[in-house]
């Protein structure tokens, strides 16, 4: 058990959870506005592809990240438009956007780069690793919190920012109002469509960062369907944490751990990887059931008191 | 007086006939225009890749329909879509958004594979038992979102969303560890000969599952249109509160619809395990559950039309192999086409809203006239 829980593992978990954290932050904004964003895998995949493609043509990582984020935002706008303007069922539209991204990236992978499965952007580009001034001199903390790339820091710095924006700003208040009661919000003069659309496009922004991180930082390549349900796991984390930003990101770390351990557990303890991989979905199912039972009990209590 | 009523009758009959004609053109027109738009966008993508769209689509068509063996292969590709299309459309018709067909199919296939190998019976008992096991497994897996929706009002779509990867991981685990057949692939043991769905061609895995699917479509066309249950299922989709006032137990019906939809999803798995692969193969489905959504929406949830929309998508799937061989356009283009079709069909376009509004205006204008006539 000792060689499983090393400092190195915690670094791995932080890195493996970064795309989950990004996606969860994006999904959280839409969640607060009353939209269940199941298209996040599609956004991420598109960004991952465009990121590697741009890196291949420009050789510049930062331009690639910008291009990746833009592509993801465009796709999210399409999703938002179909759901909010054309009133397409969100689950069907979301699934369709996911399939669209999966198919389109695979077609373009062959069409533009002549590859069937995996594509590397020429010579491998790497983001520089940053060391945090004081922490870099303290032994254990150095290994844990220092020496990551800029995107990793961004994910965890953006967490309190999102929390602040949602709970301490006028815009955040509007988002929450729209999510809790769109009719009441509309009667107060809030443009519900516009606010919802803004959150969807922002979720595209965050998923773009997640996708760019996946294909340009975490690994330096694009492979077919490389997001592997990370958007869904992020959504599960949001449900599990009941939509609280800091808690949600904490849960993504937990789910990231399950992912990170799935390979190691197989090698060291002989536990099938599926058992670790199922944890995020399984605990989220349990959480959904518990929330449902609580809501029902509350409802019963209200009924009982009013009956009296 | 008699003359005037006669002319009114003729007029109304003509009006209703033109209305139904209009309705039919709208009903058929929209899917056809949608398919056309999807092919057009696909053509632009092919063009951008430096290929000739007409040549690529020509290859796709040839691959799907040229020669008996290609036609048979297309029918084989159509078969799973008949099942998943029916499963999705039964549910959607009742506004039960069962997007968990994929998971129900996986469990159906696994159950069929297990019964097909571990049970020893003569074929006339073994095959029906394996099929029944698959249907039961699919229904049981669908019971989870159903009961959570009915008893706790938990959103069935979110539950299905979580249950799909859970089903995928559980069946993957079972076929990779406890029940894995020896060899490099993760699959269960090959089913016994007595549990096999008869195959009809040497060149492909086209099998009796196709005809079972057609019979199911007929059965559910009858149930939908000619039985009380079918009417109830439609009503809870169209207007649940009206249904409730009419004395229909909506929750009970939602559970029933889920169970039936899940059962058919399970049967899709049976066709794959007993007819195509002869075992449960881990990851055998390229996403038939999602294809089912496209099939159902193209058919507007009409069981008879499902045979056409499934054939269309089956032909795309089947013909795209030839397209991929002859051009640099990969089979994934079909996924793009399907996604566009689903997006366009799921959308409620402003054009249609406009059309509805105009129709309302017309009826408003007409009303005083007919009322006047009635008074005469």
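Even glycines carry a Cβ here, placed using N, Cα and C.
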Per TrEMBL, which of A:89-109, A:110-130 is transmembrane segment? A:89-109
Let me check one thing: do the transmembrane segment (A:12-31) and the transmembrane segment (A:62-82) come into contact, meaning three or more Cβ pairs under 8 Å with sequence separation of at least 6? no
Do the transmembrane segment (A:89-109) and the transmembrane segment (A:62-82) come close, with at least three CB pairs under 8 A (pairs 6 or more apart in sequence)? yes
If we skip the immediate neighbours and take only residues 6+ beyond the ends of the transmembrane segment (A:271-293), which ones have a Cβ under 8 Å from one of its Cβ atoms? 232-233, 236-237, 239-240, 242, 255, 258-259, 261-263, 265
